[in-house]
């Protein structure tokens with residue numbers, strides 16, 4: 001029997017496909033050929049190839065980090081969604097070759113729309129785990145929402161936003177006032193998503209400032225590794241949690257740029273300038289997201305979450321190496337160092 005999560009995922013897939021099929025009503029010339037492609041333009045192949053290379057690089061390195069640094073289950077959300085993003089751009093080449101195929105366009109849109117939702121969930125989970133790594137007292141007093149509520153609240157808001165966009169898109173295929181209502185419903189879903197993530201960004205910033213104000217010993221306790229923490233190869237833990245927190249802030253900027261672009265694009269309608277110019281999609285949607293989450297390759301979250309407990313073991317191990325009495329350190333699946 002399907003679990004609730006599996007049923008929900010299946011429902012989202014079906015609804016997205018149905019929306020893609022319903023939202024487009026093709027118009028034909030006198031000779032029976034379609035007047036315009038499903039996407040409003042024929043996608044160019046070379047930008048798709050560039051996107052596949054860039055997102056593919058990020059996916060390969062992310063999976064390498066995941067296997068090398070503890071295989072944390074919560075980071076599977078990031079690694080899997082990176083793969084679906086690569087697949088989405090691969091299907092975009094299919095859309096370029098079959099620009100009038102509603103099915104191809106629908107599945108391509110499914111992957112490129114849903115993958116960023118998973119990216120947002122990564123930041124939700126990172127904030128709660130980062131807060132908990134500083135202790136229960138800091139978590140309770142510096143997060144103005146209970147940490148157990150954060151992920152569930154924002155993920156469900158994202159699900160509702162997606163359903164609003166999907167149902168609204170289907171209504172726009174109808175005639176009269178229903179089409180206008182559908183446009184407003186879809187736009188409302190996009191606006192709610194921006195407000196929701198803006199609220200999360202406020203939660204993140206407030207947490208950082210509250211720790212700095214109320215728990216300076218926790219804020220300044222660690223010796224900052226600074227730019228030396230940036231690395232595609234290092235596995236050693238980083239005790240300065242502020243570096244990851246600031247990376248999350250930068251990541252959130254990229255997410256907000258993408259969300260605001262989507263609102264501007266949809267507000268203009270199906271035939272708007274932004275909706276029919278492919279360059280804006282790559283410049284204001286794909287590129288900000290790629291930069292936002294490629295940043296985590298250099299600051300892999302597993303190096304920061306719980307680093308205050310891990311680091312002393314590495315330090316002791318290093319000292320023992322100098323004395324010639326070291327025993328091997330074993331990293332288990334929860335990325336805890338044991339000596």
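Note that Cβ sites are derived from N, Cα and C of the backbone, with glycine treated the same way.
Just so you know, TrEMBL annotations never went through curation; they're auto-generated.
Note that the structure is predicted; figures quoted are calculated from it, not measured.
As annotated in TrEMBL, transmembrane segment covers the listed stretch 149-167 rather than the other ranges in 130-148, 149-167. Sequence-distant contacts of the transmembrane segment (279-299) (same chain, at least 6 residues past either end, Cβ-Cβ under 8 Å): 47, 51, 54-55, 58, 61-62, 65, 78, 82, 116, 119, 122, 229-232, 238, 243-244, 247, 250-255, 257-258, 261-262, 265. Three or more CB pairs closer than 8 A are found between the transmembrane segment (149-167) and the transmembrane segment (187-209), so contact between the two stretches is assigned (pairs 6 or more residues apart). Here the transmembrane segment (187-209) has Cβ contacts under 8 Å with residues 120, 123-124, 127, 131, 142-145, 150, 154, 157-158, 160-165, 168, 242, 245, 248-249, 252, 255-256, 259-260, 262-263, 266-267 of the same chain, all six or more residues outside its ends.
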